[in-house]
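**Q** For reference, the structure I am asking about is given below.
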Amino acid sequence: MKLKRFLLRYYPPGIILEYEKGGCLRTKSIDLLDLTPETSPDELLAEIQQSEPLITESRADQVKQLIVRLQQKQGQQDHHRFCFFKELKAHILPLTNVAFDKSGSRFITGSYDRTCRVWDTASGSELHTLEGHRNVVYAIAFNNPYGDKIATGSFDKTAKLWCAETGKCFHTFRGHTAEIVCLVFNPQSTLVATGSMDASAKLWDVETGDEVATLTGHTAEVLSLCFNTVGSQLVTGSFDHTVSIWDVASGRRVHTLIGHSGEISNVHFNWDCSLIVTGSMDKTCKLWEAVSGECVATLTGHKEEVLDVCFDLSGQLVATASADGTARVFSVNTHQCLATLEGHDGEISKICFSPPGSRVLTASSDRTARLWDARSGVCLQVLEGHTDEIFSCVFNYEGDTIITGSKDNTCRIWY
């Protein structure tokens, strides 16, 4: 094994090693999820050297400098105020979802008008219209970090794979017997997973377009799914009140997570693949151990359904959004509620952390999106201008651009 070069990853903090083994170029990552500006670089370096044989004495100084650079990035205060840049009359019918590519230079919108559109973020101009579905395009995704492919899932019971550069359709995935409502690429961009109202999830081969596996076992609609960061497991959330963990290689169900008493609204793995968070219509959110399938905490406090839930990138915080018009931030370690985000005048359907994890973005039926301080719960900014419910909001990877999508048929770019 020969180390070729280092790559720095800011969110979440880590160092990527590019090395040669058996004539092939490979990568592995050293995750530094607990790094803070107060961490001793020398102590951390010693820890890394103990566990990573590629970090020899001759490379030690370089690694220490990278640690210091990550700490400097963490120490930068986030005072960015977002300004309205452009409104895109994106579709003739309401939007369903918006998503960025990894670089943030392009984003996509899905719509009830049966199309997905690809946009240039900097200019707000349309690059491609992906046409071919015969019903609502509901679920959309880029194959990040690569960004060269787009997947769309539709109420016409099919999913499609597209070239992001040309807008050409590579494959149509046929096999579901009801609407497709969620989809996601695995991290290696070799598989697409789809979830459907037919109570199943399916895995599809990106290269050939073939169905690889059908994941059956749920007794109601599969409304959310998520791969873990290494792509070895998939988690699905269903209207049958349960969550399933699947082994991707075999297509077998590893665990059924039972405990919620209402439909599952969303599911997520944390970065290090150890925990799963689930939000439910039973007004609670639960944390589960991925290995054992055990519930380790129930996060309570909301008075109405939990409509969305997410981890920050480091996996230390969980945010929940509710139909009661509030959002909450919880500590993953202590399970305590750190902040309650109050100010919206209607239900909050979407929530996400900024890449550094210092801010929370919420989208509401009150026609606004809001930006909050994740620790104090203070509202930093109200993004106003949409004339109908906002159901989608997303940060780019750098955290300096926001896209909001609304039932008013427009999306807005905020810088």
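Cβ coordinates are placed from backbone N, Cα and C, and glycine is handled just like the others.
According to TrEMBL, the repeat 'WD' annotation covers 88-129, 130-172, 173-214, 215-256, 257-298, 299-340, 341-382, 383-415.
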**Q** Take the repeat 'WD' (299-340) and find every residue of the same chain, 6 or more past its ends, with a Cβ under 8 Å from one of its Cβ atoms.
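**A** Here the qualifying positions are 11-13, 33-34, 262, 265-266, 268-272, 274-275, 277-287, 346-353, 355, 357, 360, 362, 364, 366, 372-377.
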**Q** With pairs fewer than 6 apart in sequence excluded, do the repeat 'WD' (215-256) and the repeat 'WD' (88-129) have three or more C-beta pairs that lie under 8 Å?
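**A** When sequence-distant Cβ pairs are counted, the repeat 'WD' (215-256) does not touch the repeat 'WD' (88-129), since fewer than 3 lie under 8 Å.
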**Q** Under the DSSP assignment, what numbers of helix, strand and coil residues are found in the repeat 'WD' (88-129)?
**A** 0 helix, 22 strand, 20 coil
**Q** Could you give the mean pLDDT over the repeat 'WD' (88-129), rounded to a whole number?
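**A** Mean per-residue confidence for the repeat 'WD' (88-129): 96 out of 100.
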